[in-house]
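Student: Pasting a structure below so you can have a look.
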């Protein structure tokens, strides 16, 4: 019966060259693996079968410890043999006897021999040992551990450490670049702020479908038109299998954008066309039609202009208002504008046709906001009107004592927030949980219950006119304390959806779905695309949303409000004149001021991270994207501040 042992099947020590070499070829130079010592007569005994097997068996098949496995791989014994061969024969015999005796000893005896040798060593020998041991006791763990365990270890590193690990060796690079690791880092950072490092990265979502080329499989990879960006994670080579981008590339692309944001590095383009101050704007880069990103602006010159953001060219100019256009909002189906001529107009922005004009305010319309059910508008006449999308009828909310400068609809998911019912009959269809925020020149912000048509909360604290509001929903920390913010990314479907307004009632929108002929062939791509989007969406467990209200005022400050208590939790100082516009997402907050600057803020810390200068007049309106800011000013210019790509200043 065989007994188990923990002792290493050690490579034998180098012996004299007179012995048999492993390959049994006496014509070759002496080998470090000579088998036996010379006898007293000077002859060498014949090798046994076990001796020959010992030397002819590959190191990978022997039971070696990590240390001796590395020696076998590095050919350490060969170097020792060469040093031994340089000695006289008698010295070689003496050294070989010491090595052979140590090699044949058990582990306890080896320790005793080493302790004795150490007591005989002078400082010079001890110094040599220290120098040699510093290298010898270093073990590359990834040469020993299974790949799965190595990846588990590397999963504790951050992105910077992983990049440094990839520079150690080819094996480390293979592990450190593994998609599993970088997918986890992307989950932790993209679309949310990491609780460990405080960094969050933009999603850079692109919903526009990939246009397939008619090129043959043997042709070069497809070139996309200038106005088209392939899908974020999955691309397609025509008539070939789809391929996915490495997660490290996904992370790297977004990291470069975030670094530009933090360092205030951007490229700037100026769009000119308006002949007076630009007062309102909105842009959308995710429309399925047209294929290019759209920007719409309104001005004191009484016009509304539609722009192609990528080319910077004006696509269309809408005329009809008789005074300044102060507010606008659009979606795939319609554009709604508010003007100082007291009217609200509904447009087909693709054709430039004015579909309907709504009248009800007795003074100029300064702000508006709509969702799928209702339209809310604020006016110089100090009132807020809520319009029924089905009938065009409206009711009025009164309470402000001066101009109403901003309105924001909010669908509360918690029915305990305010007890409400639903409208019926010809009244606006307002379901339980629909609330409205309004900001006014009287310095207050009001929260309205639209079902009961009453003010349920008032926010006071600004000492100047409140000009703008932004409502942001952030995720509460989950019970486990992970605290990752969830973000929703709509699935990219092959069906092209176009919404067409009803000429008799512009608020009724019908949806027309046209299917792509290549939808079946791209089914696998869509499936993989959904998987990657679900990864970025984080945990599937539902997390509570916490609404945050942000306001900008002509008292030069920006305030962040707790909606439950109506108290300001933060006040941001930095502008030297009044704040006209604010915008925010989960990663940052921006503000535009009468001092002609735009400031980028870290909302959690209340710290200004960058100040953008360039406008020649007050910055009156802002749009915030994942990699850009678009601003409008009293100087009539529209500026696009792009933080994408490799920007060198």
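Glycine is no exception: its Cβ is also placed from the backbone N, Cα and C atoms.
From TrEMBL, for reference:
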{"type": "REGION", "residues": "1-50", "note": "region 'Disordered'"}
{"type": "COMPBIAS", "residues": "29-50", "note": "compositional bias 'Low complexity'"}
{"type": "DOMAIN", "residues": "139-185", "note": "domain 'F-box'"}
{"type": "REPEAT", "residues": "271-317", "note": "repeat 'WD'"}
{"type": "REPEAT", "residues": "318-357", "note": "repeat 'WD'"}
{"type": "REPEAT", "residues": "358-397", "note": "repeat 'WD'"}
{"type": "REPEAT", "residues": "433-458", "note": "repeat 'WD'"}
{"type": "REPEAT", "residues": "549-571", "note": "repeat 'WD'"}
{"type": "REPEAT", "residues": "572-611", "note": "repeat 'WD'"}
{"type": "REPEAT", "residues": "612-649", "note": "repeat 'WD'"}
Student: Take the C-beta pairs under 8 A between the repeat 'WD' (549-571) and each of 271-317, 358-397, 433-458, 612-649. Which stretch has the highest count?
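Tutor: Against the repeat 'WD' (549-571), the leading stretch is 433-458.
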Student: Could you tell me the mean pLDDT over the repeat 'WD' (572-611), as a whole number?
Tutor: 94
Student: DSSP helix, strand and coil counts for the domain 'F-box' (139-185)?
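Tutor: The domain 'F-box' (139-185) comes out at 32 helix, 0 strand, 15 coil.
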Student: Count up the helix, strand and coil residues in the repeat 'WD' (358-397) according to DSSP, in that order.
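Tutor: Summed over the repeat 'WD' (358-397), the classes give 0 helix, 23 strand, 17 coil.
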